[in-house]
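Participant: Take this structure first; my questions come after.
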Amino acid sequence: MDPPKLTFISKRDTKKKDEVNKEQPTKNLKILDLFSNDEEFSNPTQEEPTNTLQEKLMNVDPLEFFSKGGLKEEQKKERDDHRDDYRDSRDRDRDYRDNGGRDRDRDYRDGGGGGGGRDRDRNRDRDRDRDRDYRDGGGGRDRYRDNDRYRDTDRYRDNDRRDGSGSGSSRRRDERRENSGRRDYRDNDRRDDRRDNGRYGRDNDNSGGGGSGKNSSDKKEEINPVSNNNDIHKDRIKRDTTQFSHKVFEQINNKRDREDPELRDIKVDYMGIKRDENRKKIKGEKGKFVFEWDSSEDTSSDYNTLYTKKLEIQPQFGHGNFGGYEKNNNNNGNHYNGNIYNNNNNNNNNNNNNNNINNNNNGSMIGGKQISELPDTHWSKKPLKSMTKRDWHIFKEDFNISTKGGIAPNPIRTWQESNLPREILEAIRQLGYEKPSPIQMQSIPISLTGRDILGIAETGSGKTCAFVIPMLIYISKQPRLTKDTEADGPYALVMAPTRELVQQIEKETRNFAQHFGFRVVSLVGGQSIEDQAYQVSKGCEIIIATPGRLNDCLEKRYLVLNQCNYIVLDEADMMIDLGFEPQVTSVLDAMPSSFLKSEDDEMAEKQESDRSHIYRTTILFSATMPPLVEKLSKKYLRRPCTITIGEAGKVVDRIRQTVIFVKSENDKKEHLTQLIKDGPPPPIIIFVNKKKHCDIIAPVLEECRVSYTILHSGRSQEQREAALEGFKKRKYEVLIATGVASRGIHVDGVTHVINFDIPKNIEDYTHRIGRTGRAGSAGLASSFITDKDVEIMYDLKQILTSTNNIVPIELLKHPSSQQKHGSSKDHNKSVIFK
């Protein structure tokens, strides 16, 4: 067995270590002063009364201090107590051993055994080993300690055997077992002290107590023996230090509750103590919605006076002839009691007058409420300058206006607040437009900024006026046309899908343009192209045309668009459906591309604000947004602002829809006769899918003695114009038409629309019934449907359900109404290819 390696410590290191130990008590007092109680902080007799807790904490780190074992004075005192306990225990063991030796000698003499002889042999061997170790140079002290340990083990083993043969052995053995766990580390530490010969105490006290002559301070070098139990000793010191640190922190935490909140926060932040962030949140606190406005802008107060001003009642205990009240009682405690009686009395006397409400008076109604019933904080009772962002948001919600595509200017509330030119306001007054429609409210201010617009609005929403007014304002800012500039073409161009719609837009535009002195020319089929070319050659500011005739004029060089930078596409979805996409594309390509804005949104925004240069403005209006229209808008519109009024393709709620399931054409005639006789009074529009069906309906109307006219593509342009004009002037009570009259034809006062032949798609159905219920009036739409009309059944059922109209039982249970036509696949059928 190799002897353990020796570690030598020089005298200089020992001296340096002693100096550190002398400074240690001062540091201990300093750090303990940091955690003194509040009375010490407030004591005016201290040496440093001006020092605050923050200044002391800045100089000393408590965690670093405790990790380095700075509190050795307390540990030393605890060691002294352990050493005193060890001395007392050693004396008790010696007395016990002496008494036990005498007992063993007595037992041996009495013939009890040879225990005493073994003790004498063991003591003799121990003395011999000790003499040999000292003679060899003191290096055998480790073996001496090992022998002592083995000797103690043998002694306890002998005691166990001896106790097993004597009285009370089980009691003493149980006590040793109970005390064994408590004696483990303490006995080992005491043996460490004995092995080190008081080394631990001398290092801290600078005194050599309990050592041999070789450990005196006169020697230049001294020996530091290595022990296998040093790890246990270090672990215990570390554990004691950690426990002491926790006690100090517990004292700090207890004192934190009594301290000033500011000082507590300073301590917590400096010492890195984590706050209790896992606070139990109140139910509903996490997802609680917080409004962006304060309570002063709240417009959600009840409109009913019974809730805004509570009725305070003093009970009369059954007295009174009107619900417990006396009508002549003037008791001030009962508010409104006289008014309740008087109001009910007046209501009973004037029942007929109160029931006749004028629903067409839209000027006094907002969101289904009378303006007088609205609170004072409502936007309708605020001046324009007092409107907040929230007010504009509510304004758009009231009129079902939504925009996207960047920041859009605020809509106009009234014509008086619009700041439009005097000529426009005069034309509006003459035409009798009391207030703008939702599409006009939002479209006009956006168009005046020069932005492109993609407008989606229901039929009969006033889209014509929405693009005519900004178009005229744009032209008014351009130089007047001369004989030299007239050859370069018009300033503005409007395209519509049908002749009737073109003529209607022309009439509407002339009503406004005459106040500016602008000239308007229409180009439609069915008329002489030479006569139209002659009108264009004389010069005009605005051209309104169908795509086909306009493209013919461009190809024959009757017209050029060199200075046309304002273009409107009305009813774009219908133009695409009628197959005018090539003509529309050809016309747009004929316009100068140098005036087209950049495709980059940032650059296009800068170009819109540049008033020194003219850029093209494109406005596209449509009732629906099919893929082809969306493709067209992406190609020719730059940074457009999308305006949606209501929902795309949605039927207005003012139209009541009825669907009649019929079995044959004869059933249609019978139901048509009944609708003409028992239905709303004229004017009435009857739609058919084929021109020959007009001849089928004519005899039925003659039997009902109703005047009628026919409008379809097979008639000449003069006949079509005469038919439409006669129907508008009430010369004819019924108009029989094909799909040409379903888009954009506005006839005032149409009360009833009858679909003798229901269309194949829901879009055409929407536009047909949109001829009634215009300008805020109510309307009725009746449709005949057969088993062959499977293409529209699913969509028709959906639109009837969404508008709270009655769905006939035949349509509700029909297989084609359960899923969209063309989307089902019969998986039960198998196809075998040969």
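Heads up, the Cβ atoms here are built off N, Cα and C, so glycines get one too.
The region 'Disordered' annotation in Swiss-Prot covers 1-245, 322-371, 813-834. If you look up Swiss-Prot, you'll see 10-25, 70-110, 117-164, 171-205, 231-245, 823-834 marked as compositional bias 'Basic and acidic residues'. Annotated compositional bias 'Polar residues' per Swiss-Prot: 42-54, in sequence order. Residues or ranges marked as compositional bias 'Low complexity' in Swiss-Prot: 328-362. Look at Swiss-Prot and you will find 444-643 tagged as domain 'Helicase ATP-binding'. The ATP binding site feature in Swiss-Prot is assigned to Ala457, Glu458, Thr459, Gly460, Ser461, Gly462, Lys463, Thr464. The motif 'DEAD box' feature in Swiss-Prot is assigned to 570-573. The domain 'Helicase C-terminal' feature in Swiss-Prot is assigned to 654-815; the stated evidence is sequence analysis.
Show me how these features fit into the structure around them.
Facilitator: Sequence-remote contacts of a segment are chain residues at least 6 beyond its ends whose Cβ falls under 8 Å from one of its Cβ atoms, and for the motif 'DEAD box' (570-573) they are 463-464, 467, 494-497, 501, 505, 620-626, 629, 632, 743-744, 763.
If you average pLDDT over the domain 'Helicase C-terminal' (654-815) in this model, you get 87.
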Participant: Validating a neighbour-count step here. Other CB atoms within 10 A of the CB of Glu458 (ATP binding site): how many?
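Facilitator: There are 24 of them.
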Participant: Look up Lys463 (ATP binding site) in the DSSP assignment and reduce it to helix, strand or coil.
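Facilitator: Looking at the DSSP assignment, Lys463 (ATP binding site) belongs to a helix.
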Participant: For Ala457 (ATP binding site), what is the secondary structure state per DSSP, taken as helix, strand or coil?
Facilitator: coil
Participant: What is the three-state DSSP composition of the motif 'DEAD box' (570-573), stated as helix, strand and coil residue counts?
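Facilitator: Once the DSSP states are binned, the motif 'DEAD box' (570-573) shows 2 helix, 0 strand, 2 coil.
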